[in-house]
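Asker: So TrEMBL says this about it:
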DOMAIN    2-392  domain 'Serine hydroxymethyltransferase-like'
BINDING   L113, G117, H118, L119, S361, P362, F363  (6S)-5,6,7,8-tetrahydrofolate binding site
SITE      H221  site 'Plays an important role in substrate specificity'
MOD_RES   K222  N6-(pyridoxal phosphate)lysine
Amino acid sequence: MERDQAIFNLIADELKRQEEGIELIASENFVSKQVMEAAGSVLTNKYAEGLPGKRYYGGCEVVDQIESIAIDRAKQLFGAEWVNVQPHSGAQANAAVFLAILKPGDKILGFDLSHGGHLTHGSPVNFSGKLYEPHFYGVVKETGLIDYDQLEETARREKPKVIICGASSYSRDWDYARIRKVADEVGALVVADISHPAGLIARGLLTDPLPHCHIVTTTTHKTLRGPRGGMIMVGQDFENPWGIKGPKGDVRTITQLLDLAVFPGTQGGPLEHTIAAKAIAYGEALSDSYMDYIVQVKKNAAALAKFFVEKDYHIISGGTDNHLMLVDLRNKDISGKEAEAVLGKAGITTNKNMVPFDTRSPFVTSGVRFGTAAITTRGIKETEIVQIGELIDEALLSASDDAKLDAIHGKVRQLMAQFPLYK
Ligand code: PLP
């Protein structure tokens, strides 16, 4: 077969873009070479429906070992009792959880997308808002912090079956114990989606949801720095609270229901190449060097947030406890859409984002989200993160000056050349 140069040339272009730019998209990271090698390995050839030791295909003796290692490492990393490493993505993990424990039309209570939540937590354009009856809590306007009073009031009034916490653009820690308390009162299960801060939680830099939440889901490619994928975990709540039955009409444990909801409920064959890459990433996340990395991610985010505050940018909630921050640009006379485009011209990649109580549409928005997970993998520390803050400020102040943006782009290339990506 002839090499498909059209595609490989484009992959080379993408590598150059990643190498030369400043990557501040909060949900992205740069995986290690060994994670990439596993993700591009012969394991992509293998079908393995089922679970290790219980497959619907022959020839699974090798992938069984790989998937078992992935499960064991994930349990060790998060202190979980039970794990399913097969979800193809974060959205698939959440779909499987809802399928396992809810019936169509059941009520769910999630964090409002426009305040920082995720589409899969009940948005009307997503399966979660179409199949179930979504209710939402948000943040307090004055503080930007989760409105736990509103969460409790809504839970008591609506009596949802599930309360889902976790976010895509919330820069503070969560009070899982408080959410569990009201959930127990109204008979709901708590699902924590820790896709964003998973790495910080794994290494003890944020509150651990597993002792408080019945089910925890995550993506594996953000702060966790693994391949694109998802995972579901359970800490100690194995009991099936509503006597939900399995396919044969018998009552199953929560973890049995979750396994069935991943396969055959929402997926076919697991991606064993991705699972091998997950296993490697979990191993890396258990290392001392990852601990240094994730501590630096948090320090860099704090330093960048401090810089922005000093420059009169409005950070929602006033700062950050994790790897990201949401900047409200309404006092800077530029929309999120414009800011994303201007920064893009300067070689700085970010994404526009709604801010709580935004009056602009999701396509325009009044905010921009910055995260430090990827840039820290490049070796950036506090000194350079402040330089990056200065470049961002300079670019936003030169929004209509293409020559100036070109000059900033030059400085961006120069800075990143000192921090090679794949040496
Ligand atoms: N949950 C949260 C909180 C997220 O931020 C994301 C992705 O950004 C997802 C779920 C979905 O993950 P994926 O894109 O892998 O489906």
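Every residue, even glycine, has its Cβ placed from backbone N, Cα and C.
Situate these features within the shown structure.
Answerer: Classification of P362 ((6S)-5,6,7,8-tetrahydrofolate binding site) by DSSP places it in coil, neither helical nor stranded.
All protein chains considered, the CB of H221 (site 'Plays an important role in substrate specificity') has 26 other CB atoms within 10 Å.
Around K222 (N6-(pyridoxal phosphate)lysine), the same-chain residues at least 6 positions away in sequence with a Cβ under 8 Å from its Cβ are A26, S27, E28, N29, S195, H196, A198, G199, A373.
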Asker: Looking only at the domain 'Serine hydroxymethyltransferase-like' (2-392), what is the model's average confidence as pLDDT?
Answerer: 96
Asker: Give the helix, strand or coil assignment DSSP yields for L113 ((6S)-5,6,7,8-tetrahydrofolate binding site).
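Answerer: Helix, per DSSP.
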Asker: On a count of neighbouring CB atoms within 10 A, which of the binding-site residues G117, P362 is highest?
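Answerer: Per the Cβ count, the most surrounded site is G117.
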Asker: Counting across all protein chains shown, how many other Cβ atoms sit within 10 Å of the Cβ of H118 ((6S)-5,6,7,8-tetrahydrofolate binding site)?
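Answerer: By my count, 23.
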Asker: Work out how many Å separate L119 ((6S)-5,6,7,8-tetrahydrofolate binding site) and H221 (site 'Plays an important role in substrate specificity') at their Cα atoms, rounded off.
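Answerer: Spelling it out, the Cα of L119 ((6S)-5,6,7,8-tetrahydrofolate binding site) and the Cα of H221 (site 'Plays an important role in substrate specificity') are 18 Å apart.
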Asker: Taking ligand 1 as the reference and 6 angstroms as the Cβ limit (strictly under), which recorded positions among L113, G117, L119, H221, S361, P362 are close?
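Answerer: Checking each Cβ against ligand 1, none of them comes under 6 Å.
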Asker: Measuring CB to CB from S361 ((6S)-5,6,7,8-tetrahydrofolate binding site), give everything in the same chain under 8 Å that is also at least six residues away in sequence.
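Answerer: For S361 ((6S)-5,6,7,8-tetrahydrofolate binding site), no residue qualifies.
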